[in-house]
Amino acid sequence: MTLGFSFSLPVMVVVSAIAFVYFCTVFVFIDRWFGLMTSPGIMNAVAFTGVAVMCVLNYVFAIFMDPGRVPSNFLPDIEDSKVPIHEIKRKDHHCTWINNCVGHANYKVFFVFVVYAVIACIYSLVLLVGSLTNDSQNDKQQSADSFRILYVISGLLLVPLSMALSGLLGWHIYLILQNKTTIEYHEGVRATWLQERAGNVYKHPYDLGAYDNLTTVLGSNIICWICPTSRHIGNGLRFRTAYDGLPVASTSK
């Protein structure tokens, strides 16, 4: 993990949003719907706290973990007949919201952070609606008025955030199932166009099939998919391809 991190405004916005949503969810929505000292209240508070802790933990790892990079002196062995594809990508995708690049080493924790963030937002939104419904049914209008500003701010924050993060999650699920990075996706668009012009069909060379693509990013142990672990990723200098084990006419690309 890197130690050269300095807090940025976007990171502070994310941290503030997490703290605000957590406070409102546990101490307003859950408390006013179930009561914090009731069994349903305790169960929901513990469940939401667990999701929030995992969300924050993965966010911290995404911020401080070195994304990884290709050594400046690294050159592929183009004479190795076992490696049908040779390419070096030194570009990283910088994410303002974590003040860090998203690369080979920290992509999994970034993805898992987004998963927990989506779960937390939708969970909080459900509790918000349930709390409001409970207030109206129990005729607690006068009491609800004092919390109106929190409900309004929370709704204005959670609705667009849930939509935006769900879209981001869907996009990255698509990329993982194709075993692509964002950069490779855009490269693939051009590669597909060039292959079609030549009358060929383009196939992404790192697409191993949906399950193998998932395990490449998240690991082979399904239990560890939801944890900020990354021992399975290797050094990032050699990846399996769809052509591994096939006869190769040329070893360079």
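Positions of Cβ are set from backbone N, Cα and C atoms, glycine also.
Just so you know, TrEMBL annotations are computer predictions that nobody has curated.
As recorded in TrEMBL:
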type     : residues : note
TRANSMEM : 6-30     : transmembrane segment
TRANSMEM : 42-65    : transmembrane segment
DOMAIN   : 88-186   : domain 'Palmitoyltransferase DHHC'
TRANSMEM : 109-129  : transmembrane segment
TRANSMEM : 149-174  : transmembrane segment
Which residue counts does DSSP give the domain 'Palmitoyltransferase DHHC' (88-186) for helix, strand and coil?
72 helix, 6 strand, 21 coil
Non-local residues, at least 6 beyond the ends, that sit with Cβ under 8 Å of the transmembrane segment (6-30):
36, 41, 44-45, 48-49, 52, 55-56, 59, 63, 96-99, 120-121, 123-124, 127-128, 130-131, 147, 150-151, 153-154, 157-158, 161
